[in-house]
Amino acid sequence: MKRVLKCLFFVPITLCVIYLISPFVKLVMDIVPMEKSSLESAKMLNLDSSVDASLNFQSRPDVQTCTYWKAAIIWEGMFDPRLYDDMHKSKGSSVALTVFAVGRYLDAYLHKFLNSSEQHFMVGLPVTYYVFTDMPEMLPDIKLSPLRSLKVIKVKKNSRWQDVSMTRMKSISDVIESDIRHHCTYVFCFDVDQVFTGRFGSEALGDSVALLHAHYYHLPKHLYTYDRNPNSKAYMETGDFYYHAAVFGGSWKSVKALTEACYQGIMEDKQNNVEALWHDESHLNKYMLLHKPSKVLSPEYCWDTNIGYKSDIQVTRLLWAPKHYDILRSP
């Protein structure tokens, strides 16, 4: 029985590795079309906002533009940016951006991340950056635009990067309770090793927002690397999509609920000497399975150029920065 469980656990990972390193397999998988949406009009959506009814499904017949629970999947060409910007300005929407820059990640990535955010993230709306770091004195000098502010939250540096990844859920939940909920309508949570390269605007705002992982959105579901360990709270036999924990967001209430649930699952696993396969991302995927996001972002909103050309990626809004895990994650 143990051998069977090990086999079931490692098969999806092995197949995914083959996909990533084999150009031929990758090419074959990438030409597999996405599922298509069943709705003819965005007016049939479970609307996250009134402007979502203006989304143009016909402009993107090449991709899936909504989920089976009638949430929009946002792609270039589907929306009018002005409609979203005008609505959120009239509503007085404001956004908190959380990012963790701990250890060597601060020097390697934070300056470019914040500078590029100033140019492309929620331009025209009030934004507060919440930077979590173990070295507040080392923060780079960033010239902030009007309506922008920055707050620094000191956190403890963990000995393992996995612990940094998992404990961020509690840190985000705590700062939402103590500060964000009093000042901001929405929260977006980002990994720091990324660079904004295009509009990441108010069309992305919603009650609960998840992101399609760039490496998985064309793959069949049996290749998704969900946590297959039945002893973990993140265990999933199957799911809807594979979501990337590098970007998630929503209203402050929804993000607080998500981060609290993920942290609780992580701590229960820890008590049982279990660690989910992809740490907080595994727990996020489990949460999104049980609590469907009201809006899904296409991989345009977090793209990896190492994937190569994809005809359905017409713009890139946020790019993976070069990863140097051998240096950045060493003790």
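Using N, Cα and C of the backbone, Cβ positions are placed for all residues, glycine too.
Features reported for this protein in TrEMBL:
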type: ACT_SITE; residues: Glu281; note: active site, nucleophile
type: BINDING; residues: Phe100, Ala101, Val102, Tyr105, Asp191, Val192, Asp193; note: UDP-N-acetyl-alpha-D-galactosamine binding site
type: BINDING; residues: Asp191, Asp193; note: Mn(2+) binding site
type: TRANSMEM; residues: 7-29; note: transmembrane segment
Revision key, fill the gap. Densest Cβ environment (other Cβ within 10 Å) across the recorded positions Asp193, Glu281 belongs to Glu281
**Study point:** Other same-chain residues whose Cβ falls within 8 Å of the Cβ centroid of Phe100, Ala101, Val102, Tyr105, Asp191, Val192, Asp193, the recorded UDP-N-acetyl-alpha-D-galactosamine site, in sequence order
**Key:** Val99, Leu106, Tyr109, Leu110, Phe113
Exercise for review: Would you count the other CB atoms within 10 A of the CB of Ala101 (UDP-N-acetyl-alpha-D-galactosamine binding site), including those on all shown protein chains?
Suggested key: 27
Practice item. Find, among the binding-site residues listed as Phe100, Asp191, the one whose Cβ has the highest number of other Cβ atoms within 10 Å in the structure shown. Key: Phe100
Exercise for review: Would you kindly give the Cα-Cα distance separating the residue listed as 'active site, nucleophile' and Tyr105 (UDP-N-acetyl-alpha-D-galactosamine binding site), rounded to the nearest Å?
Suggested key: 19
Practice item. Count the Cβ atoms, other than its own, that fall within 10 Å of the Cβ of Val102 (UDP-N-acetyl-alpha-D-galactosamine binding site), considering every protein chain shown. Key: 20
